[in-house]
Structures are given as C-alpha cells and as structure tokens.
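As recorded in TrEMBL, the features of this protein are as follows:
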BINDING   21-28, 94-98, 148-151  GTP binding site
DOMAIN    12-272  domain 'Tr-type G'
Amino acid sequence: MTDSTPDTAPHASRRTFAIISHPDAGKTTLTEKLLLNGGAIHLAGEVKARGAARRARSDWMKIEQQRGISVTSSVMTFAREFEGLGHITFNLLDTPGHEDFSEDTYRTLTAVDSAIMVIDAAKGIEPQTRKLFEVCRMRNVPIITFVNKVDREGRPVYEILDEVADALALDVSPQSWPVGMGGIFEGILDLASGRISRPEGDSREFLGKVDYEPVPAEFAEEIELGQMGYPEFDLEAYRAGDLTPVFFGSALKNFGVAELIEAIARIAPPPRPQPSEQGTIDPGNKEVTGFIFKVQANMDPMHRDRIAFMRLVSGTFKRGMKLTPSALGKPIAVHSPILFFAQDREIADEAQPGDIIGIPNHGTLRVGDTLSETNKVRFTGLPNFAPEILRRVQLKDPTKTKQLRKALDDLSEEGVIQVFYPEIGSQWIVGVVGQLQLDVLISRLEAEYKVGAMLEPAPFDTARWVKGSDKAVADFAEFNSANLAKDRDGDPVFLARSAWDVSYQQERNPDLTFSATKER
Ligand code: G4P
C-alpha cells in the first residue's frame, strides 16, 4: 500500500480500546472514572444511571433489568489534551461482562487496537479474564493491566504479578506499586519517578492535587526487593503482546486512574493496519474502508431501526459519502452516521481511522461486512464461533413459519444467535455460545416479531463448518445428509452429536476441515 501518511495524520491521535475483566472486578466503575477523567461526563455514576434509563425504554431489554446485566455493548468517545502529545481521542468500546455473552464480546475485540485488563487485587486472574485474554492474544492485542481495589485488603503484590505472568505466560512490568493495601494503604508509588501519591480520602478532586512524598521506610525495602526480577517496560514487547505493564489503583476511589489514562495516551498503539484478503490495509491509505463488528436493534424505540457499528480502518470518512457494503455489492449513501459520545449520540461529520461510527439501516448491513469506496477490499478475521448449545425452534402457532424465518435471519444477522437450516426435516436449529442468548431470542421473537416459540433439545451437541473442495464437501454431504445443515450464508455445517463425532469424521475425511470458527 503506497499512499500512507506520516504520524501527524489525524488517526495518530486515536486510541481505540476495550476493557476486559471478570464480572465484578470493577469495569463499570473504571469506565465511569475514565469518562470523568476525559471530561465526557460530570458525575461518576452516570454510566449506570444512563444505562438503566436507556434500557428501560426497550421491551426486550427487560431481561437486562431483571438479571442486572448488560447484554448490549456500546461505544464511548472522549478526548483530552496531554503534554507533549496534544489532543488525544479515546474510543472506549464497552464489552458485556456476563460470561454467557462472550460471542459479542469477542467480536468487539476485533475492532480495538489495545485492551485494559482489570483484575481484582483480592481475586487475581478469574476465568472470564483468561478467556478474553486468549482472544486478545490470538490477535496480538496489547494489554495494559490495572489491578483494582487496592483500597481493600488484597493479595501480596508479587503474588498478583506472578499469577499474571504464570497464568497468561506474559512478561509483567510493574509501573507502580501500592504502598500497603486495605487498612494500611498509604498510596501508590510511581516506580519511574520514585514518588508516592497519597489518597486524601474519598472526596479527593479527581485531577486535583496529589502529594508526593518519599516512601515510608518500612515499605521501601519491601518495594525495592519486590520489583527486582521483573523486566523493565519495553514498548516493542508491549505492542507485540508479549509484555504487560501493570498499574495498581482503585477505580472506586479514583486512584491510579489518571496514571492509567496517561499510559493509554502515551503507550497504547494508534490504529493498527488491519488484515484483509488483499493484504494489510494501512490506516494512512486514502480510500475509506471499514468493517461492521456489531449490529444492534432497537437503540431508539421510536424508530425500529438498527445501528451497525463500523470500525473505520482507513481514509477520512465524511458524512453523506457513498460506501459499498461487501454483501450488498452496490453503494449506499451514509447520510446520518452517529458518533457515540458519552452524553448522547451525535451526528458525525467526519471520522478518522480508529473511530467507530454507527450507521442506521434496516437490515442491509451485517456483522462481518466490509464497507469501502471501491468495493475491492474484504477484511478478514471476524469470527463466528461454533455454538456450544443447539436447540430446535418449535412454533406455538404453526402458521407463523414465514415470520419465524424472517426473525431468525434478522437475529442471526445481528449476531444474537446462529441459525442452521437442516438438509432434511423442517425444524430449524439455533445455536448459541451461552444460555442467556436463548432467553434473549425468545423474548425478542415475542416482543418484536409477535412470534411465540419454544426451544427443544436438539439431538446435536455442537456444530462445525465444513471446508474443502466442492467435490469433497459433496461426497461428505451424500453420506451425512442427516447431520448436515446450511448456515444463513448457505455454507455447509456439520451438526455433531459429540466432540468424538467431530474427531471421527475428521479422521475419516482428511481432505476436509471441520472448523470451530468461521471467519467472514
Ligand atoms: P463490573 O462492571 O466489572 O461488574 O464491576 P463494577 O464496576 O460494577 O464493580 C463491582 C463492585 O466492586 C461494585 O460494588 C463496585 O462499587 C466495587 N468496586 C469497583 N471498584 C472498586 C475499588 O476500587 N475498590 C472497592 N473497594 N470496590 C470497588 P457493589 O457493592 O457490587 O455495587 P455498588 O452498589 O457499589 O454499585
């Protein structure tokens, strides 16, 4: 790619990131404090309040309220000046924390350039953190670690650091060190400057004064000994995903958050080149390109619209410009794109690589679509995951077949479920990676499509996309039609009774691959 621009390009000031964590580690609290720090909102606590108000507007989202979890993810943009760096724009992509909804979360991680991993100081690495970390590793997404809740009694610092290093096979480089924790919490030592910042109680002004004092003698030796043995920070190793800088703090008490945001501004990567069938696409390329990583319906109950979330990969997007979605093949004019500022949705006039724009549409845009000016680029790497739960859909009113088909197509386009149409028989099968998605499905079928349905166990345990030459696939299909279905794109899927079934077929059919993910 030839027409790239130097680092003064507008996208060099973008930091597009997500927070990954196990539920309860403090992601919501940290998000609030980051937005507060970025000047996006004025009162902490508003993220939750606003979220609740927004959720209350939509029928199907009652599930969220009942369960007290967030099934939707959103985008928050805020900006701040940094000395020597200038204006930095942060795009924080929120990921649902509930473990049932990981597929959506995985896709969101395809649209970020880096991640913050929040760990509870008392609990260390928890299962969901590990899963999400693995997705980041697969894509070499660099990670800054934030060890939260140091205002409470936690585990010894070196124990947490070693756990991150061992559990995730990652070099850890502490950037700060809590001086005492819980009842004897004295503050946080910045290892680079050797100074300690002390909390002044809960009501400390966020960006207000911080006292720097030498470390109390009783902690000095422990800290000096403790940090020995950990590597120094190395920007290259961090950006390659081999090393994580570790910060300590308390989201609740606004402590260590300013240092964290400073680190994102200074070390987190600006928009990275993205893989495509045509080679990597550099953010400096002139052509406007992007990909859809999420589609969300009913954000505004007044309009039964959908918003497709596009990550801009290259070029300067301007309102009203024509882009061609890869699945559609003909251009659409993007007249009312939306930028997601924390206060409200705003109409975007211009966006840069790294930015996320929301494109209202009526179902034309699908997860995985590439949008571009020339329709020559196809981004890769947006995975569909093999469902872990398969169910047959049974209509309460059999005359509603058509509505059901439309609903299943729509909802699979949105990525809420995956749908499989068996070669034999008329009962459609839905696949999900978590139980919660099934509740969402039933609830939305009723609320939005007026279709009453029940889910029955399916005689299958998992599904694999079958890939190979046309002949090999056709041969396989001939002998296995009872276990064969098509996904919504018409691609062949093997419905397996067990994991054993998959390995058996793999052994018998060495020319085929049985893939647990499908990249679109
Ligand atoms: P999540 O989004 O990762 O699920 O976590 P969330 O921010 O909702 O935080 C989970 C709980 O941990 C909340 O308490 C929150 O107040 C608390 N918490 C977050 N950061 C810190 C911290 O730095 N120190 C301490 N001590 N607690 C922290 P909760 O009682 O479940 O909810 P709430 O009633 O306080 O909202």
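Cβ coordinates are placed from backbone N, Cα and C, and glycine is handled just like the others.
Keep in mind that what you see is a predicted model, and the values were worked out from it rather than measured.
Sequence features, as recorded in TrEMBL, placed on the structure.
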{"residue": "Ser21", "record": "GTP binding site", "DSSP class": "strand"}
{"residue": "Lys27", "record": "GTP binding site", "DSSP class": "helix"}
{"residue": "Thr95", "record": "GTP binding site", "DSSP class": "coil"}
{"residue": "Val150", "record": "GTP binding site", "DSSP class": "coil"}
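In this view, Val150 (GTP binding site) is surrounded by 28 other Cβ atoms within 10 Å of its Cβ, with every protein chain counted. Listed in sequence order, the binding-site residues among Lys27, Thr95, Val150 whose CB lies under 6 angstroms from an atom of ligand 1 come out as Lys27.
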